[in-house]
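Single-structure report; data block below.
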Amino acid sequence: MATKRNTSNESTDKLNIDEAIARNWELPEFTIKEIRDAIPAHCFRRDTFRSFTYVIHDFAFIAALAYAASYIDQVQSTALRMILWPLYWIAQGIVGTGVWVLGHECGHQAFSPSKTINNSVGYVLHTLLLVPYHSWRFSHSRHHKATGHMTKDQVFLPKTRTKVGLPPRDKDPHPDGPHDALDEAPLVVLYRMFIMFVFGWPAYLFVNATGQNYPGWASHFNPSCAIFDETQYWDVISSNVGVLSMVAFLGYCGQIFGSLNVIKYYVIPYLFVNFWLVLITYLQHTDPKLPHYRENVWNFQRGAALTVDRSFGTIIDYFHHHIADTHVAHHFFSTMPHYHAEEATVHIKKALGKHYQCDYTPIPIALWKVWKSCRFVEEEGDVVFYKN
C-alpha cells in the first residue's frame, strides 16, 4: 500500500522526525477501512458455539494433564519424578495461557456477539487465573486505543534518556550508544529477566509496573485510581471480589488436599502462565526496529502497525490460540475471533506491505537481542526508536 512521508494535515517542517528520516522509516498512510476491505468478511464473524469448543478443548487438556500428574508421586525413581513434575508444570502453563487468551478474547467482545456471554465467560476464565477481569479489560482497552503512543499507551512504555540516568543528548559523547553504563553482565541480565517474568504480571496488576505514571496508587485493584473512569467503579469491585473468592477457594483446597498439592497442581503452573504473558507481550511491542510515536504523528492505525508477529513454534502457537503470531491482526481488529486471525493475517500482510512487522528469529535469541538493544528513547522527537 502506498505511503508518503507526511499526511495532508502534517508538515515535516513542523514535525521532529529526524530519527525516522535517519532510519528510513516512513509514516504509513493507510486507513482502517483500506485494511478492513482487504480482509474477507467472514473473518469478522463471531461464532459462540465454536468459541465454546475452544474452552472445552483447553479444560479437557488441563484435566488430562492434572490426572496424569496425579500418578507422578507414585513413580519410585526420584530422578524421574524430578523430571515429570517440571514437564507437567511447563505443559499446564502452556495450556493455561490458552485459557487466559480466551478470557482476553471475551474482554474484546470477540468470543460471542453477545456482550453478556462475553463478560460472563471472560469473568470466569480470568478469575480462575487470578486476573481481575473487568479491571484489566478496561486498562487493556486503553492500550489498544493508544498502542505505541509515548504518553497514552498502558504497558511496556520505553524509559527515556533521563530515566536511565544518561546525560542530556547534547552532552553525551555517544548520543546514539552503545553506553557502557547500560551494559549488563549476562548473569545480571538473566536475574533481571527472572524477576520480570516471575513478578512482572502481578506487579503490573498491583502497581501498574511498566505502565503510565499516574498519581497515587495506580492499581488494577483500586477502583478510584486514574486507570479507571468513575462509571467503572463497581465493575472493578466485582473483579476484586472474584479474585478474592478464588484466593479463598485455593486456601480451602489447601486445607482439604494439602498446601503442597495446591502449589504443585496450581501455583507453579500459574507462575508459568505469568511467564508466558510477560514474554509474549514484551516481544509483541518491543523491538529495536520499531519506533514509538508522540501525539503529533500518532493515530490509531499507525499505532496498531507498531506490533510484531512472532511464532513460538507450531505447538505453542496452537495452544496459545495464535495470540503471538497473529497479533498485528488483533491490534487492527480486536473483535475478530482468534480462529480467523491466521487467514486475516495473510491479507493484512499484503495490505500493509513493508509496514507489516514480523520476526521469526528463535525466541531466546530475539529476547536477548531486544533486552540488550531496547534500553531507552530520547526525550524529544515525534518518532523515537529504542537505543542502548
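In case you wondered, yes, glycine gets a Cβ from its N, Cα and C as well.
Values in this document were obtained by computation on a predicted structure and should not be read as measured data.
Here is what TrEMBL records for this protein:
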DOMAIN    28-66  domain 'Fatty acid desaturase N-terminal'
TRANSMEM  52-71  transmembrane segment
TRANSMEM  83-102  transmembrane segment
DOMAIN    84-356  domain 'Fatty acid desaturase'
TRANSMEM  189-207  transmembrane segment
TRANSMEM  233-253  transmembrane segment
TRANSMEM  265-283  transmembrane segment
Tally Cβ pairs under 8 Å between the transmembrane segment (83-102) and each listed stretch (52-71, 189-207, 233-253, 265-283), then give the stretch with the top tally.
265-283
Across the domain 'Fatty acid desaturase N-terminal' (28-66), what are the DSSP residue counts per state (helix, strand, coil)?
29 helix, 0 strand, 10 coil
Which value does the mean pLDDT take for the domain 'Fatty acid desaturase' (84-356) in this predicted structure?
96
